[in-house]
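Enquirer: Okay, so Swiss-Prot annotates it like this:
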BINDING   G206, E207, P208, G209, V210, G211, K212, T213  ATP 1 binding site
BINDING   G608, P609, T610, G611, V612, G613, K614, T615  ATP 2 binding site
COILED    390-525  coiled coil
DOMAIN    4-146  domain 'Clp R'
REGION    7-72  region 'Repeat 1'
REGION    85-146  region 'Repeat 2'
REGION    159-339  region 'NBD1'
REGION    340-548  region 'Linker'
REGION    558-765  region 'NBD2'
REGION    766-857  region 'C-terminal'
Amino acid sequence: MNAFEKMTHQLRETLEQALSLALHAKNPEVDLPHMAWALLINSTSILNQALNKMGVDKSALELEAKSLVDRLPQSSSLTKENIKISKRLADSLTQAEALGVKGGDKFIAVDTWLLANLKEEPLKSLFSKYLDVNELKKNLESIRGGAKIESATDDENLESLAKYGIDLTQKALENKLDPVIGRDEEISRMMQILIRKTKNNPILLGEPGVGKTAVVEGLAQRIIAKEVPLSLQNKRVVALDMSALIAGAKYRGEFEDRLKKVVEEVKKAGNVILFIDEIHTIVGAGASEGSMDAANILKPALARGELHTIGATTLKEYRKYFEKDAALQRRFQPIFLNEPTINEALQILRGIKERLEAHHNVTIYDSALVAAAKLSSRYITDRYLPDKAIDLIDEAAAELKMQIESEPTELSLIKRQIQRLEVEKEALLMEKESTHSEARIKEIQAELENAKERQRTLLAQFENEKAVFNEIASIKAKADELRRESELAKRSGDYNKAAEIDYGKIPELENREKELNTQWNRMQESGTLLKNAVSEESIAGIVSRWTQIPVKKMLQGEKEKVLGVEEELRKDVVGQDEALHAIARAIKRNKAGLSENNRPIGSFLFLGPTGVGKTQSAKTLAKFLFDSDKNLVRIDMSEYMEKHAASRLVGAPPGYVGYEEGGQLTEAIRRKPYSVVLFDEIEKAHPDVFNILLQVLDDGRLTDNKGVTVDFRNTIIILTSNIASDKIMENSDKERRESAVKAELKRYFKPEFLNRLDDIIIFNPLGLAQIVEIVEIMFEGIREKLKERQITLELTQSAKEQIAEVGFDPVYGARPLKRALYEEVEDRLAELILEDKISEGSHVVFDAQGGKIIARI
């Protein structure tokens with residue numbers, strides 16, 4: 001067996017990488033510089049692990065290795081097949097084989113090859129230029145740790161913990177973790193479990209985003225700050241990366257081998273607490289036919305207390321994976337993490353504010369933090385605090401940073417204006433000389449001069465603002481770095497340095513920042529192109545974008561619009577002032593922030609005969625609130641007359657057809673949480689439908705077939721019914737009519753349903769005077785259709801009255817009116833258009849004559 005056959009997989013992969021580098025550099029032979037370069041660009045190689053331990057910057061070494069490759073002979077016509085291995089490289093492999101045999105290895109590993117050739121040229125000159133070669137040797141030997149290479153994969157498991165884990169205590173030492181605010185009780189309970197003799201493995205259970213990982217980071221920070229019991233001091237918290245463990249495990253048993261090596265390394269170290277995030281992934285991880293999964297490999301060590309492990313997963317995954325495996329479940333002690341309150345979330349946001357400001361180079365107002373906590377809790381109901389509030393702040397800051405780093409809108413507009421004028425000027429210069437062209441060129445020249453002057457002014461203002469802004473950002477970054485240095489100095493006992501930073505350098509920077517902020521405020525008074533702070537409005541804008549709920553503070557124009565809601569609704573709905581007044585009151589309460597937090601904006605039952613405007617009122621309301629009726633969720637209750645149909649609102653139960661599709665009501669509101677929901681002809685629905693509606697009307701929430709809660713607090717619920725329409729028609733006296741209607745309602749609906757409604761509104765029967773008004777509204781719709789063709793229409797008063805008489809029926813309300821307009825107006829218009837009697841620019845007048853409607857052009 002020659003040296004090439006005795007190489008480990010890692011050394012063979014390095015040689016293949018070196019071959020590719022030689023081909024790319026057009027070198028006919030693979031040589032030592034190619035091997036060195038291949039090892040340096042492989043971030044997981046043993047060489048890079050050693051360099052990281054030494055704190056050496058490998059970028060300079062990479063450049064040096066590349067320059068060595070560039071000096072090698074080149075050939076123009078090369079393929080992978082005709083590249084050879086140089087004699088120097090072949091000899092180096094032979095030397096490595098001899099060194100390996102001497103050390104008891106059966107295969108040549110990467111570190112053996114390095115150790116055998118570090119004192120040979122060109123590797124000696126390459127490494128000695130930037131580091132101590134003897135120290136590199138010591139680090140390579142310490143990574144090996146005396147292990148023997150007995151198989152081709154053995155060198156993959158050297159320093160397994162460093163390769164497959166992230167040292168959180170090291171990150172805490174370097175101040176790279178965000179501060180952990182609160183959660184003292186949970187951290188204390190976790191430490192208590194870790195100190196136990198056996199089964200000392202806590203598992204953090206909580207919904208996604210409540211801060212399970214942050215609690216472990218908090219423990220790492222306390223270990224560094226020595227704020228833990230004596231038995232936990234000097235411990236290391238290492239987060240295990242399960243995906244890295246599984247990735248690249250090509251051969252059977254390779255994953256188990258890697259995990260066993262990690263477990264052995266943890267046992268050997270004695271001071272490592274292993275953290276496995278999403279710990280449910282260990283169940284079944286790496287298992288294939290005839291092999292064990294990660295959970296079964298870890299169980300014995302967990303039970304004996306040899307392995308300190310902290311797990312983190314959601315309650316749902318814990319039930320699914322752990323509760324089914326009692327042997328695994330009993331090895332972990334659960335710690336439940338509840339979602340923090342708004343005030344607790346606010347404290348967390350204040351704690352990480354400085355880090356976010358330093359990252360994005362912006363200022364975050366405290367009002368923005370308060371808005372993020374409150375608005376996320378109120379409107380983003382499918383996620384959990386503090387994660388959703390942090391996301392809001394982060395996205396708002398990122399949006400602001402993007403605006404700062406881009407060209408201001410005013411400058412972009414002027415630039416485009418200058419380009420347009422330049423193009424127009426060139427086009428005119430190419431034309432033959434004419435008086436008109438010359439005059440226009442002079443105009444363009446004047447406009448260009450003005451635009452360029454304006455551009456220069458704005459550019460100077462922009463540069464000035466950016467200079468102030470960049471200096472503020474630089475000061476924030478420096479202050480953040482100094483705080484980190486101060487913390488490290490305190491930990492190492494260098495209190496003189498810490499005092500110098502805390503009482504000298506940082507206050508100096510803070511004073512300069514105050515001066516710059518004062519300067520910035522003065523600039524803002526005269527109007528700035530840049531905005532440097534995340535405000536309450538920024539957060540509201542992000543919430544609106546995520547949820548389609550208009551959360552932004554009302555501008556004056558919108559306030560006027562809301563105050564005029566009743567008049568706006570009356571434009572489309574005639575003769576129902578009482579109904580429109582009740583709807584308007586509910587909208588005003590909501591817009592003023594006075595509506596109840598745990599109920600829909602409003603819930604109404606519209607009663608009245610057919611054709612009086614019940615459904616039209618709902619459509620008009622949706623159009624008013626959203627400028628279109630697309631946010632009207634209309635559910636025809638005649639489709640829900642059978643018992644089995646009621647489940648379609650929330651979705652079919654598991655095992656039934658349509659389970660995956662979800663509910664027709666719940667899915668519609670999940671997509672558009674700010675909607676008008678119309679339950680048309682509610683009296684036709686099966687009684688089970690009312691049981692579903694009770695929860696919506698009372699709590700503003702509904703749970704669908706998958707157990708997901710859907711929020712109805714931003715909806716307006718409207719139910720329409722023809723119940724007691726005969727009583728409404730018979731009684732002209734308001735009090736008698738209302739008592740008759742209430743008596744009729746009690747026969748159809750349960751008291752608990754009626755009591756949950758905000759208002760029961762009776763729509764009045766329409767009279768001839770109201771029908772005439774409706775004729776004008778409907779005729780306006782016909783006008784709109786012909787506006788594009790520039791055909792104008794006019795309807796005389798006598799024609800309106802004639803159509804109203806033809807289309808009026810007290811029993812059917814305004815519905816026959818549409819048919820009357822079709823027959824008397826639209827049919828005539830269609831004939832005139834098809835006969836080419838009217839065309840663009842025509843004016844058509846409809847009038848009544850001799851009891852008939854005539855058209856005059």
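Cβ atoms here come from the backbone N, Cα and C positions, even for glycine.
Describe the structural context of these features.
Expert: Counting only residues at least six positions away in the same chain, the Cβ atoms of T314, R383, Y384, D387 sit under 8 Å from the Cβ of P208 (ATP 1 binding site). P208 (ATP 1 binding site) carries neither a helix nor a strand DSSP state and counts as coil.
For K614 (ATP 2 binding site), the number of other Cβ atoms no farther than 10 Å from its own Cβ, over all displayed protein chains, is 28.
Summed and averaged per residue, pLDDT over the coiled coil (390-525) gives 77.
When DSSP labels each residue, the region 'Repeat 2' (85-146) comes out as 42 helix, 2 strand, 18 coil, counted as helix, strand and coil in that order.
The residues of the region 'C-terminal' (766-857), classed with DSSP into helix (H, G, I), strand (E, B) and coil, number 51 helix, 18 strand, 23 coil.
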Enquirer: Measuring Cα to Cα, how far is G611 (ATP 2 binding site) from T213 (ATP 1 binding site) in Å?
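Expert: Cα of G611 (ATP 2 binding site) to Cα of T213 (ATP 1 binding site) measures 60 Å after rounding.
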Enquirer: Out of 7-72, 85-146, 558-765, which stretch touches the region 'NBD1' (159-339) the most, going by CB pairs under 8 Å?
Expert: 7-72
Enquirer: Determine which residues of this chain, when G206, E207, P208, G209, V210, G211, K212, T213 are set aside, have a Cβ within 8 Å of the centroid of the ATP 1 site's Cβ atoms, and list them as they appear in the sequence.
Expert: A312, T314, L337, Y384, D387
Enquirer: Let me check the 10 A CB neighbour count of V612 (ATP 2 binding site). How many other CB atoms are there?
Expert: 29
Enquirer: Compute the C-alpha separation of K614 (ATP 2 binding site) from E207 (ATP 1 binding site), stating it in Å without decimals.
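Expert: Their Cα atoms are separated by 43 Å.
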Enquirer: Validating a neighbour-count step here. Other CB atoms within 10 A of the CB of G613 (ATP 2 binding site): how many?
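Expert: Taking every protein chain into account, the count is 25.
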Enquirer: Once the chains shown are all counted, how many other Cβ atoms turn up within 10 Å of the Cβ of T615 (ATP 2 binding site)?
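Expert: For T615 (ATP 2 binding site), the count of other Cβ atoms within 10 Å is 18.
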Enquirer: If you measure T615 (ATP 2 binding site) to E207 (ATP 1 binding site) at Cα, how many Å is it?
Expert: 41
Enquirer: Could you tell me the C-alpha distance between G206 (ATP 1 binding site) and G613 (ATP 2 binding site) in angstrom, no decimals?
Expert: 50
